[in-house]
Amino acid sequence: MKLWVGLGNPEPGMARNRHNIGFMAIDVIADRHGFAPWRKRFSGLVSEGSVGGEKIVALKPLTYMNESGRAVQPASAFFKLPPDAVTVFHDELDLIPGKVRVKRGGGAAGHNGLRSIDRTLGTQDYWRVRLGIGHPGDKARVHGHVLGNFAKTDEDWLVDTLEAVSDAAPLLAAGKPEDFMTKVALLTKDTA
């Protein structure tokens, strides 16, 4: 069993924010892989299903981004999961839009959702699926960028990326992050 967490903010008006791409990815995975209906649990929304034969618990924290760990920690403790069974899908400023990278461990790089999870799990040794949203170029514009909505011109690459992540998800569930990244890249090569 694995816990896959999509990061985002729960306000309906923030649903299309760049910061919510983690929620979007988990929603597409749960939908396309036939997960059970979402229900409230662990200060979040939870859905269970199977990806590539692996049982997955999907979690969308309703704690707001900066307190995501308040949902992740109790969920991982309840299911008795070690940190390396947790995968967090999140927005990544340092990747161009549509680029996807997976890594285990590492710092929060200024991402408050990751910082909260690091603090509550007591470790950084969990998996991250970094979903590129691009950098606005000026550090002073970062806050407005991540909390801004995706533009209509982003729609093609965004939909293609989210569908590719879902289509490649069985490789991620099987513990093959390199193969997952390769498949996502191949599926999005004309749009990212």
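These residue numbers are counts, starting from 1, taken along the chain as shown.
Positions of Cβ are set from backbone N, Cα and C atoms, glycine also.
What you are looking at is a predicted structure, and each value in this text was computed from that prediction instead of being measured.
What Swiss-Prot records for HIS19 is active site, proton acceptor, and it gives sequence analysis as the kind of evidence. In the three-state DSSP assignment, the secondary structure recorded for HIS19 (active site, proton acceptor) is helix.
Around the Cβ of TYR64 (tRNA binding site), 16 further Cβ atoms fall within 10 Å across all displayed protein chains. Marked as tRNA binding site by Swiss-Prot: TYR64, ASN66, ASN112.
Taken from Swiss-Prot, the feature site 'Discriminates between blocked and unblocked aminoacyl-tRNA' covers ASN9, and the record attributes it to sequence analysis. Here the Cβ of ASN9 (site 'Discriminates between blocked and unblocked aminoacyl-tRNA') has 22 other Cβ atoms within 10 Å, regardless of which shown protein chain they belong to. DSSP assigns ASN9 (site 'Discriminates between blocked and unblocked aminoacyl-tRNA') to coil in the three-state reduction, placing it in neither a helix nor a strand.
Residues or ranges marked as site 'Stabilizes the basic form of H active site to accept a proton' in Swiss-Prot: ASP91. ASP91 (site 'Stabilizes the basic form of H active site to accept a proton') is surrounded by 26 other CB atoms, counting those within 10 A of its CB over all protein chains shown. Under the DSSP three-state reduction, ASP91 (site 'Stabilizes the basic form of H active site to accept a proton') is assigned to strand.
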At the level of the C-alpha atoms, what whole-angstrom distance separates ASN9 (site 'Discriminates between blocked and unblocked aminoacyl-tRNA') and ASN66 (tRNA binding site)? 9
Distance [Cα-Cα, Å, rounded] between ASN66 (tRNA binding site) and HIS19 (active site, proton acceptor): 11
Which of these recorded positions is closest to HIS19 (active site, proton acceptor) if you go by CA atoms: TYR64, ASP91, ASN112? ASP91
